Every structure is written in structure tokens, then in C-alpha cells.
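According to TrEMBL, the S-adenosyl-L-methionine binding site annotation covers 142, 187. According to TrEMBL, the feature substrate binding site maps to 187, 188, 189, 190. Marked as domain 'Release factor glutamine methyltransferase N-terminal' by TrEMBL: 6-75. Per TrEMBL, the feature domain 'Methyltransferase small' maps to 114-195.
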């Protein structure tokens, strides 16, 4: 079979399975199988496929039609201009999270700041911020045994100077594993119990541990803010990615824990995606 015919077949398979971007995803799957770029694929549509290539492409298309995320099938995904290995057990990097990186980079700049990324997952936030803030000393904290291998490999590839800490961010023992911090960043699990019942079929394949933020979705914001505020130096930054319409509740948690100058950052669609605040410069949060 030639590439063009298989491309049409896979496109139809994905369309029938209600994959929204079925044409683009067909192209990406074939580029993955053939180890080529889009331009090569367009110029070689009449080229004959091997039986192995044909079988592999059909297998990937079938799994995609069953709802397996495209990113897991490709094995990697781009975030902030960097490539990250992904697979079952690790949350897929999303464009929404780039706003958290924007704010962190803007606030940290070229200072030799000590920074922690809590619930680090694939390492996308830690790596992106470390690459942009060369003077920073970054720590990435993660608990999941499934996510940790991805975290270590992704940091080895993109930002080997980041230190990985295996630990539970909600355990009282974990903050003591790190030095005093100038900034804490986190994209914690923030879906509510109701959200978990209505997940898109692709998201159901991602780790619940990285998604569920207790009944009201705010459990990690409460826990991290209370446990980690004393690890921040005076004037230190705490920045969270949040779910839709969680900004008021998360800002309240920050305020109740002594944070001030609380601000919001919107995504490209005007949705508030980041809430951040600072510890009081006069207070000493040493611990």
C-alpha cells in the first residue's frame, strides 16, 4: 500500500471515532511511523510502505480511535520549545501551563533564585524555567513512581542541573528536604469530584493522581500553601496554575496564609490560569 492510501484510511478511522483534529493527527501518526517531517510526507505520498510500517500505523490508529491520547502514542510532546517524553502514568504537558512558566520567568529573571516545582510530573515546568533562568537553582518534587522515570529522563535531556526530590508535597517532612526558597511553582491536581465524573475519554487515560484535587478541587492548594509557606524567604513567590473559575478561592487561601500582592494571569482565551502572591517582606518565614 502507498502512503496516500493508508493516510486516507487512517483519516477515516479517526473521523468516525470523532477525533476532532483527525486530519492533523493522521499526519502526525504517519510522521512518527516513518520518522519524517510533514514536508517529506507531502512529497512522498505515492511511496510504497513496508508491511511493518503499515501494521504499526494501523495499530496506532486503532489505539487512538479507542481514546488513547495522541501524545502517549507519539511518546513525546513539545512544551515551551522543549521536547518531553510522555507515556501512561505521567500528565501530558498542556499549553495552559505555559502561563505559569511565563510568570515564573518574569518574576525570577536573572537572579540566582532557589526555586521549587511541586508536583513536577513530566518536568516541563522545572525544565522550561531552568532553561530561561540560568542562574536559578531548581528543585523538582514528585511522588508518583510512574511519573518519576519520565521526570528524570526529561530533566537529563533538557535541564540536567535541576535536582529531583522524591517526596509527597503534602507531607510535613518534605519541605525540610529543600533549602530556603525564593519561589515555589506548582501545577497541582485541581479537578473536583464532579470533574472526574465527566472527563474527556482521552483524559481518563491520564493518571488520576495528577488530576484529582479532592472533593472541591482545592485540597492541594490548601495543603501546599499551609505546609510550604515557611520554606519561602521574605518576599518569596508562590505561583499556582489553577482550574477554570478557581481564582477567587485560591486567592483567598493565599490571603489567609499571609500572602499579599496577589495577582492573576490569563491565558490566550482570557481565562485566568495562574494565581500568585508573595510572602511579607518584613516577616521571617525561616524554618
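Along the chain as shown, residues are numbered 1 onward.
From the backbone N, Cα and C atoms, a Cβ is placed for every residue, glycine too.
Unlike curated entries, TrEMBL annotations are predicted automatically.
Feature map: TrEMBL annotations on the structure.
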residue: 142; record: S-adenosyl-L-methionine binding site; Cβ neighbours (10 Å): 27
residue: 187; record: S-adenosyl-L-methionine binding site; Cβ neighbours (10 Å): 27
residue: 188; record: substrate binding site; Cβ neighbours (10 Å): 22
residue: 189; record: substrate binding site; Cβ neighbours (10 Å): 21
residue: 190; record: substrate binding site; Cβ neighbours (10 Å): 25
In three-state DSSP terms, the structure that residue 142 (S-adenosyl-L-methionine binding site) belongs to: strand
Rounded to the nearest Å - Cα separation of residue 190 (substrate binding site) and residue 142 (S-adenosyl-L-methionine binding site): 16
Cα-Cα distance linking residue 189 (substrate binding site) and residue 142 (S-adenosyl-L-methionine binding site), given in Å to the nearest integer: 12
Three-state secondary structure, which DSSP defines for residue 188 (substrate binding site): coil
Overall pLDDT of the domain 'Release factor glutamine methyltransferase N-terminal' (6-75), taken as the mean: 97
